[in-house]
Amino acid sequence: MFSSGSHPATPAGQPLVLVALHRIGEGPGEGAFDDHVDAPFAPADHDAHRPVRGTVVLGWRRHLVGAVQTHEDGPRVRWALRHRLVEQRVEVGARPSAATPSPVPGPQQPRGCAGRRPHRRRPRGTPRWPPGGGGVGRRRRLKIPTPTSCHRCRGTPGERVGSPAVSDSPTTVPEHEHLDRGLNPRHVQFIALGTAIGTGLFYGSSETIQAAGPAVLVAYAVAGFMVYVVMRALGEMAVRHPVAGSFAQYAGSFLGPYAGFIVGWVFWLELAVVAIADMTAVATYMGLWFPGVPGWVWMAAAIALIGALNLMAVRVFGEMEFWFSLIKVTAIIALVVGGLALILWGREVGGTTPDFAHLWSHDGFAPFGLWGIIMSFSVVVFSFGGIETLGMTAGEADDPEHSIARAVNTVPFRILLFYVAALAVIMSIIPWDEVTGESSPFVEVFAALQVPAAQHVMNFVVLTAALSAMNAIFYACSRTMYGLAEQGHAPRSFLHLSPRAHIPIYPVVCMFAAGGVGLVLFLVIEDRLFFFVAAIASFATVFTWLMILLAHLRMRARMAREGARPGGFAMPFFPVLNLIAMTFMVGVIVLLATTEDGRNAFLVGAGALVLLTIAWFALVRGEGRRPIVLEDAGQRSGDSSRV
């Protein structure tokens, strides 16, 4: 097909398509190009179709038509799409300088291209080459949408036409519709910290203390270990396949499209109800300062504030979450250190002398026995809910392989410090039977210290924690819906990004609507709303964790069949830890189904699964029913393709 004339010695002077063919088996394929090829080209036998000067010639089933300019900072051009694209993902190489001899001779000089090397006349509809430039620039990856299989051009970049069931080509979204990688390792680390510290700890811990007494520490330690297993499984998948949508796409790839659809929407439901719980907590905290203002006013203000933050660039979200997390992490560390000082000093606080003996001197360490520990698991699991949001950052992290691995490895330390140590100090300062559910136990401790303004300072901290949790939830929900839309499991309009911030607008708007539902529920069942939605969130959380573990098992099984080795962040003691954690998740689901407090939540969760199954069979067609193939991070970061 291509001319057999000699090529320049400098690899940068070679057209990328020739380097790609070398990689397939005709030569060394080395040089300045990032010449990875995901699938072989299938060029037609047309001698006149020749690559031109370092531009990328696309391989099609019937013709080689069109090329893409490679100037690093040049504008993104549009080109005609004819027939079905064979090679979808191509790497843009560098254009040779003016002194570089032409790699392929040709009889014609294209119009409007002074000084260009001769080549075949441009096919109608393809772009002209931009003037100037040269040298070796930074290589960038070009993502090209796939048209229909019609032999005529019926689509343009950025849209799909025709029945998706007809085409078997990989699909992706155009380059300008992809999320920006604006989260640096500092953001990822503090997002990991922030998602582990939320309303479930600051507000929901009072319920768990009343249910199990000091033995709630055992419940947090056991559940925390299971969470660590889940995060190791999720972390291994995220490091190997960093994509937007995270475990919904992992479930779709390793368990099938139906599982991806169910997991994605169940996770969205989990986060939506957790957001409602956080809004309820915001109303409670603000009631300490403004008791005469209705709670729904503060809920509406929180929705507006967090929604506005999530409509800005992702780096703004990362910075806000960094500062939110820094405030509550600092407060918990200060509580633990200050509480230990009080215990060692022995100073009386609120008529009681702080002492570790409070952990067993009031009706014993486990006043309600083993059953009390088991009963507390529903709220304990809710406390950890949302920690899997860390996996959502893989698609927008600068260096997911290292930042996510480091963040996951800190999970045991965070659980021991923020949950076990903090609650142990609280119950050593205030006996567990004196903890009420009227406010956060953290606020009660600072109120008992009788330090001026200490109670208000801690109330500000827990308010910040609730806003931080809402911030992370809005982010995770919008990215989940974006990932579902990429898979064909949500409306295609959810892929639309804001032109400047590159934020999925419509998913964020959906979170405004979910907040409105929370306002209505608050007006109807204000007193028990928090714990009702917490139970629902517990069911959705455990179900999501169970599917993450199953997806990890299937990923390892697929890797074993393909002869691939686990990467540097492999799950330890696989598959024993997976099976232990899965048994725990099933046990929590059974607990919710058989207890009075959790039965309503179980029925709501089971009903949601039934409705989602009906929606799958009734609404999902074509593209949404095809399995997903995820690429390794070494091949291409932050994207998935469908085959």
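Quick reminder: no glycine exception, Cβ is built from N, Cα and C everywhere.
TrEMBL labels come from automatic prediction, so no person has curated them.
For reference, TrEMBL has these:
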REGION    92-179  region 'Disordered'
COMPBIAS  114-125  compositional bias 'Basic residues'
DOMAIN    187-620  domain 'Amino acid permease/ SLC12A'
TRANSMEM  211-234  transmembrane segment
TRANSMEM  255-276  transmembrane segment
TRANSMEM  296-314  transmembrane segment
TRANSMEM  326-345  transmembrane segment
TRANSMEM  365-390  transmembrane segment
TRANSMEM  411-432  transmembrane segment
TRANSMEM  460-482  transmembrane segment
TRANSMEM  503-525  transmembrane segment
TRANSMEM  531-553  transmembrane segment
TRANSMEM  573-595  transmembrane segment
TRANSMEM  601-620  transmembrane segment
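Distant neighbours of the transmembrane segment (573-595): 222-223, 226, 229-230, 232-233, 374-375, 377-378, 381, 535, 538-539, 542-543, 545-546, 549-550, 552-553, 556, 566, 601-602, 605; these residues of the same chain sit at least 6 beyond its ends, with a Cβ under 8 Å from one of its Cβ atoms. With Cβ pairs under 8 Å as the measure, the transmembrane segment (460-482) is packed most heavily against 255-276, out of 255-276, 411-432, 531-553, 601-620. Contact counts against the transmembrane segment (531-553), taken as Cβ pairs under 8 Å, peak for 255-276 among the stretches 211-234, 255-276, 296-314, 365-390, 411-432. As a whole-number mean, the pLDDT of the domain 'Amino acid permease/ SLC12A' (187-620) in this prediction is 82.
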